[in-house]
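A.B. asks: So TrEMBL lists the following for this protein:
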type     : residues                                                                   : note
BINDING  : Asn21, Asn82, Gly92, Asn93, Asn170, Asn203, Glu221, Arg222, Gly231, Thr232 : substrate binding site
ACT_SITE : Cys91                                                                      : active site, proton donor
ACT_SITE : Cys91                                                                      : active site
ACT_SITE : Cys230                                                                     : active site, proton acceptor
Amino acid sequence: MTHAPHGAAPLTFLKGHGTENDFVIVPDPDGLLDLSAADVARLCDRRAGIGGDGLLRVVRSAAHPEAAALADQAEWFMDYRNSDGSIAEMCGNGVRVFARYLQCAGLADAGDLAIATRAGVRGVHIAKDADDGTPGDITVRMGRAVFPDGLVTVSVGDRTWPAVHVSMGNPHAVAFVASLDDAGDLLRAPAVVPAEAYPAGTNVEFVVDRGPRHVALRVHERGSGETRSCGTGACAVMVAAARRDGHDPVHSGHPVTYTVDVPGGRLVITERADGEIEMTGPAVILAQGTVDPVWLSPGIAQHRP
Ligand SMILES: N[C@@H](CCC[C@H](N)C(=O)O)C(=O)O
């Protein structure tokens, strides 16, 4: 039964994941919701809430102050939040799940579309469903990787590894290790030195080789803890592995493709000769429902129509 104080409407949500990086999806086309960090953390709580590694608010770009300038390039803006309520610039798995939501809601068709994010506009391609109805994979043009200057190290317990500093719009520290078990339980964020390299914190990836142009990772995400996948992290790992292996498509003129296994599945990532990184993987919407407004902060209810 739904209680509705002050006539507040229940909050509609959906649940989805991409390689088991899972999200609470909140459609808010006209940008009417005031979602505080505490609201997001409550919705993402796995025991007292819906549960998710993050939250995707679906807002028309024209209705969001951070995206209004992009409205002529992308109708929809992905307002991404980590599960602790913090804001991040970009979420690679989130973009695929966001696109799948638009498709399921009849707001986009299979084929090409553009989605605005805090890291800029991302081109997306939704492949057609297979004959047996399996949803087609989704490819996202993730932009170019940036390698900020300076050496960084990552430590877990008394072990320390050199790491590659990569920006995919959001920050990453990529450490090549002998075994994914070396990362320990990842309950706490690994120590990264120097801290000044990442003034807003960082995501940390631990990587092992599986074969030629095939790696596997575990990740500790800033603001979410260990997750079963991280799309931007997989791209950061791919470019770090490619450089280590002597591949630089911008210089050679030859694209290179890596398979990146994550605990929740597999992503295929290509760095093109123009430096653009393309990530392909699955995206699933699995449930929808409403949240009792009694449980929401007054801030959400107040801003609803
Ligand atoms: N899971 C995401 C990354 C989400 C943001 C990250 N935690 C950050 O704070 O930068 C992905 O798939 O890229």
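Every residue, even glycine, has its Cβ placed from backbone N, Cα and C.
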A.B. asks: Rounded to an integer, what is the Cα-Cα distance in Å between Glu221 (substrate binding site) and Cys91 (active site, proton donor)?
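C.D. replies: With the alpha carbons as reference points, the distance is 11 Å.
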A.B. asks: Which of the listed binding-site residues (Gly92, Gly231) has the least company, meaning the fewest other Cβ atoms within 10 Å of its Cβ?
C.D. replies: Gly231
A.B. asks: Measuring Cα to Cα, tell me the gap between Gly92 (substrate binding site) and the residue listed as 'active site, proton acceptor' in whole angstrom.
C.D. replies: 7
A.B. asks: Counting across all protein chains shown, how many other Cβ atoms sit within 10 Å of the Cβ of Asn21 (substrate binding site)?
C.D. replies: 32
A.B. asks: How would DSSP class Asn170 (substrate binding site) in three states?
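C.D. replies: Once the DSSP labels are grouped into three classes, Asn170 (substrate binding site) ends up as coil.
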A.B. asks: In three-state terms from DSSP, label Gly231 (substrate binding site) for me.
C.D. replies: helix
A.B. asks: Sequence gap of 6 or more, Cβ distance under 8 Å: name the residues on the same chain that satisfy this around Asn170 (substrate binding site), in order along the sequence.
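C.D. replies: In sequence order, the residues whose Cβ lies under 8 Å from that of Asn170 (substrate binding site) (at least 6 apart) are Ala88, Glu89, Met90, Cys91, Ala119, Asn203, Arg222, Thr232.
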A.B. asks: The record lists Asn21, Asn82, Gly92, Asn93, Asn170, Asn203, Glu221, Arg222, Gly231, Thr232 as binding substrate. What's the largest Cα to Cα distance among them, in Å, rounded to a whole number?
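C.D. replies: Largest pairwise Cα separation, rounded: 16 Å.
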A.B. asks: Just to confirm: which same-chain residues, 6+ apart in sequence, have a Cβ under 8 Å from the Cβ of Cys230 (active site, proton acceptor)?
C.D. replies: Asn21, Gly92, Asn93, Asn203, Glu205, Leu217, Val219, Glu221, Val262
A.B. asks: These are the recorded positions: Cys91, Glu221. Which one scores highest on other Cβ atoms within 10 Å?
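C.D. replies: Selected residue: Cys91.
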